[in-house]
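**Q** The structure's right below; bear with me while I get my questions together.
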Amino acid sequence: MTKIMKVTTALCLSVLLSAPAFAEAKKVKWKLAMTWPSTLTPFASPSLKVAKLVEEMSGGNFTIKVHGKEKHKAALAILDMVKNKQYEMGHSSAYYYKGKSISTAILTTVPFGMTSTEQYSWYYYGGGEAVTKKVFDKFKVNCYPGGNTGVQMGGWFKKEINTLADLKGLKMRIPGMAGEVFSKLGVNVTNIPAGELYTSLDRGTIDALEWVGPGMDIKMGFHKVAPYYYTGWHEPATELHFFVNQKAFKKLPAEYQTILTVAMKAVSADMMYENFDMSQAAWAKMQKDFPNIKVKTFSKSILDAMKKATDETMESYAKKDALFNEVYTSRKDYLKKARDWTEISEFDYVKTSQMVE
Ligand code: CA
């Protein structure tokens, strides 16, 4: 063997030995904690699907074990568990953590806010990703979109609501910003565990409640005891979120970071389609089985009062908290531009197609 051949062979060998062959890829085992029970579709779907995709795309080398609420029993402590690295990942929703930072409250959805298309466009192209990062950096956690319910219904009411006076003293389960708004309008807002909601509504412990939309409401059975189904105003695009511990993410090989990021984006969009499909099927079944259900929209005077109370609530938080103000302003500015386009495109198209029905 000549000297040049020897050197070339040695070089080739060293390249072969140093190149990470796929079979020798780094093994990574992660755990993910969800706010929801493992059986709650479609909310549990993004985590289960992300684990499957990541495992397949990494040739079985990067695995994520998913724990539902039934396992860790800490549904609303997901952010802490990811921050402390008890779990590398979590699946929850930003607004459950408003006690830690009020800015998280407006990353999920807000009354009279953006639709899911508008909100995803804001997140990926309109500055949403950067402000979300600012909010979650202080927890040393990355926060990514993790599925969307689309427009949620305004809830099930036992009696028709015609005037603002009908809201006074009404006992209703309605959490989050919308609960704050309804409180201002005189509603007696209560918080009742999910498992007791049906009985509370049936027995009149509460007069009304909101949940999600037909796809998830149908299993709860509310339509059997409260016939007035109000259209949405308060959660127009409820976003679920993936949380990822920043240190754990940094430690991942670059290709696993890409695999995880792409998988999260794919399953996030997928949950929106799954929920839409569940809702159209459930709504058709509800109407057939319970023809007495009446779909209602709140009157203009009630909606005006809700909007005023929403704006006041937002402005007061924006005055108190600079980061809240930054997210609020970013969303408000984007919504204005986005809505001008939504109105002459999707919204007008639906109206136009109704003209020829
Ligand atoms: Ca809801």
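The backbone N, Cα and C atoms fix where each Cβ goes, and this holds for glycine too.
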**Q** Look at the substrate binding annotation in TrEMBL, where Arg173, Glu210, Glu235 are given, and name the residue from Gln152, Gln246 listed for that site too.
**A** Gln152
**Q** Which ones in the same chain are close to Glu210 (substrate binding site), with CB under 8 Å and 6+ residues apart in sequence?
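**A** Once residues fewer than 6 apart are set aside, Glu210 (substrate binding site) is near Gln152, Met153, Gly154, Gly155, Trp156, Met172, Arg173, Ile174, Ala178, His234, Glu235.
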**Q** Tell me the coarse DSSP state (helix, strand, coil) of Trp211 (Na(+) binding site).
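**A** DSSP assigns Trp211 (Na(+) binding site) to coil.
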**Q** Which residues, same chain and not among Gln152, Arg173, Glu210, Glu235, have a CB within 8 angstroms of the centroid of the CB atoms at the recorded substrate site?
**A** Met153, Gly154, Gly155, Ile174, Pro175, Ala178, Leu209, Trp211, Val212, His234
**Q** Of the residues named as substrate binders, Gln152, Arg173, Glu210, Glu235, how far apart in Å are the Cα atoms of the most distant pair?
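**A** Answer in Å: the longest Cα-Cα distance is 14.
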**Q** Quick one: which of the binding-site residues (Gln152, Arg173, Glu210) have their CB closer than 6 Å to ligand 1?
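**A** Close enough to ligand 1 are Gln152, Glu210.
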**Q** CB neighbours of Trp211 (Na(+) binding site) within 10 A?
**A** 19
